[in-house]
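Below is one structure; the comments refer to it alone.
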């Protein structure tokens with residue numbers, strides 16, 4: 001109960017700060033970007049953007065248009081169920097479910113870390129980094145981020161408890177909520193293969209979870225005649241095209257250099273994406289070092305994280321603002337092992353500062369830590385400033 005209270009405090013504090021920042025000082029009449037809809041309720045208004053309209057249309061009308069097939073069906077179906085059972089509006093149902101799933105995700109993350117013997121301070125730091133992450137807003141918006149994170153954490157919790165059937169089953173549900181969800185059951189299967197523990201149960205349940213994923217392409221095949229329609233609509237309707245893995249990062253570097261030479265300006269989103277990619281590389285290197293030392297590596301988490309990040313950086317958005325990696329800070333959110341990693345690194349930095357608080361080296365390290373925190377806050381504020389006018393930030 002004590003642990004849940006801390007989770008609840010972090011959740012409420014972060015959501016309250018975001019809401020206040022979005023609401024306070026807002027002009028009475030705003031020009032909404034890209035023809036976005038203005039909600040009558042001022043709180044709801046700021047958490048219904050872009051994809052929210054598509055999820056609402058799917059929930060009420062099904063896949064009435066081909067462009068909607070880009071969005072997987074499980075979350076809109078759940079929203080519709082809550083809407084019909086309770087009678088609350090579709091937008092409210094999506095907003096409330098997103099927040100409930102995010103709260104549940106924080107609780108599952110805490111339990112997952114506690115089961116591994118991770119200390120309380122590290123757990124709080126990891127959760128704090130997640131709830132105050134620059135793009136954490138999307139956990140409260142009518143998006144699939146919090147639902148997918150909840151399913152991924154639940155599956156990994158079952159996996160850690162050696163309840164393989166349940167883990168594969170929840171992994172299949174994750175694959176029905178977002179395409180990147182296929183990495184949940186695949187990570188479990190590959191970990192068993194790496195550890196040479198693969199048996200018939202893994203094969204059967206991995207096959208069952210893959211069937212759950214293929215239900216959606218099968219549905220599209222029966223109703224539209226094209227099982228890959230959800231991929232084909234991405235380019236013409238949303239400007240997103242396939243690319244070589246990590247090529248968008250390279251493209252952004254080239255574009256940023258050109259822009260700097262031309263007008264001495266680099267887009268803040270691009271800078272944030274570089275930082276996030278560097279953190280991901282640090283996470284991978286850290287696990288490789290652990291493996292070389294003979295320490296236990298949770299391969300399923302490494303595989304899942306690598307899959308999530310690689311898929312996020314295997315497509316690019318070809319729109320006027322020229323940010324190839326656009327959306328990466330949102331796609332980064334489900335990679336919960338990286339947040340555990342950042343919590344552990346932050347805790348080590350705090351411990352070193354406590355042990356050698358008087359040395360020049362530690363004073364310099366403290367300065368770097370505070371500077372990093374300041375940069376983190378600045379990015380969060382800039383992202384929220386864009387969201388105040390429903391700007392396209394991710």
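Glycine is no exception: its Cβ is also placed from the backbone N, Cα and C atoms.
As given in TrEMBL:
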type	residues	note
TRANSMEM	88-109	transmembrane segment
TRANSMEM	130-156	transmembrane segment
TRANSMEM	168-190	transmembrane segment
TRANSMEM	202-222	transmembrane segment
TRANSMEM	265-285	transmembrane segment
TRANSMEM	297-316	transmembrane segment
TRANSMEM	328-346	transmembrane segment
TRANSMEM	367-387	transmembrane segment
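Through the fold, the transmembrane segment (130-156) approaches residues 10-11, 13-15, 18, 47-49, 51-52, 55-56, 71-72, 74-75, 78-79, 91, 94-95, 97-99, 101-102, 104-106, 108-109, 112, 166-168, 170-171, 173-174, 177-178, 180-181, 184-185, 188, 272, 300-301, 304, 329-330, 332-334, 336, 339, 376, 379-380, 382-384, 387, 393-394 of its own chain, all at least 6 residues removed from its boundaries and within a Cβ separation under 8 Å.
Among residues of the same chain six or more beyond the transmembrane segment (168-190), those with a C-beta under 8 A of the stretch's C-beta atoms are 72-75, 144, 147-148, 151-152, 154-156, 158-159, 198, 202, 205-206, 208-213, 215-216, 230, 299-301, 303-304, 307-308, 311-312, 331, 334.
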